[in-house]
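One structure below.
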């Protein structure tokens, strides 16, 4: 049975309410409707007609304010070029609705749910409004469980919560996209789940690069779209603020269908959550609201909460969200990142230093955090191993200045041993990715949490002190490291 909030497309035609444009200010317009025919807040309005040059116009807007005198103020989801006062505006009678279900996999959509990949129309039988309430408290799954990703450094040191929200921090060129693609690949293989990628206010070139890389690594299967593991929703930097403000909700709505109807585990990527806030700030100013701290919208917390509260685990399935967070001027106290942090369960920080060393994924083991890393959630064994790894790496970090000035020989025997183990740990935190096989030539590895814990315990206990550190670089589990060490020994002898 289909959830009541997902609507089967039918050919019923209702009488439309028609209004007229009275004022246009950039992406915002005022529309007058006949008395008694006012649209509701969040209703979608459509402007169709011809501009002065005789070209067709088709602009969708969303009602934001009821102004009195039978007027509403609406925000456009596409450019308002060519619109004129007096043009007819049709009230669709409902909120923006977008296609949902398997037909969305392997395709790219805009904020309105229209395909923009030149691969023909989407034959959707079910659509859903983008404005929906969060699941009721009675539907929520309150059990704290780890979402295993198969990536050693994440699962051991900053584990993700099933149905949680993770912040992904990292500059350009440190491997954000590859990490995202590997997570999409692993959730499909290990959890039978799908992913939805929401490109919110980022560069068009990056969206195109991601699409091409997904096709190359078979995350999107062009020959058989049904086998694709991801749906893409883009609202790029050059689009009006209305589109950038709502594209996150479009992606979330598609993810909710997979969770609520298909009962799947879903990964929702939002790149970048800051742009969602930024677009809201632009719209707020255009609507004439009084700005709050640092010029942000007064409704910042409400808007963020409305999006984030819909991302959760229910008894049917889960949406686990990974959100790239841009920090303006590296100021963590800025209202936009500060409001985002309140919702995050874990942070994955990518380090340029590790990327420069060739250690991929370049996840910083000391800066990345998770609320799930508690002994009563993950178990004593996991917790103790993770703390041991962090302690060893922290001590190695402290000793690096001494090593740089005086050299390794000046360290005590105990510290030399610790440095050797730390370097093995650092290399063992790297692993070959499935989606990078085409570039590296080495097959990808999915490492279970049990194998991960066992491997790091053996390094910490000193069982593998005799093995060379290069044996631990870009391998899966610890057995591969010992096999690689044996191969290296044969080659060197």
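Yeah, the Cβs are placed from backbone N, Cα and C, and that goes for glycine too.
What Swiss-Prot lists as ATP binding site is 170, 171, 172, 173, 174, 175, 176, 177, and the listing cites sequence analysis. Cβ-based neighbour count (10 Å, all protein chains) for residue 174 (ATP binding site) stands at 23.
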Other residues, Cβ within 8 Å of 170, 171, 172, 173, 174, 175, 176, 177 Cβ centroid (ATP site): 350, 355, 362
Residues that sit under 8 angstroms from residue 170 (ATP binding site) by C-beta distance, when 6+ apart in the chain: 176, 324, 349, 350, 351, 362
Those binding-site residues listed as 173, 175, and which of them has the most Cβ atoms within 10 Å of its own Cβ: 175
Which of 171, 176, the listed binding-site residues, has fewest other Cβ atoms within 10 Å: 171
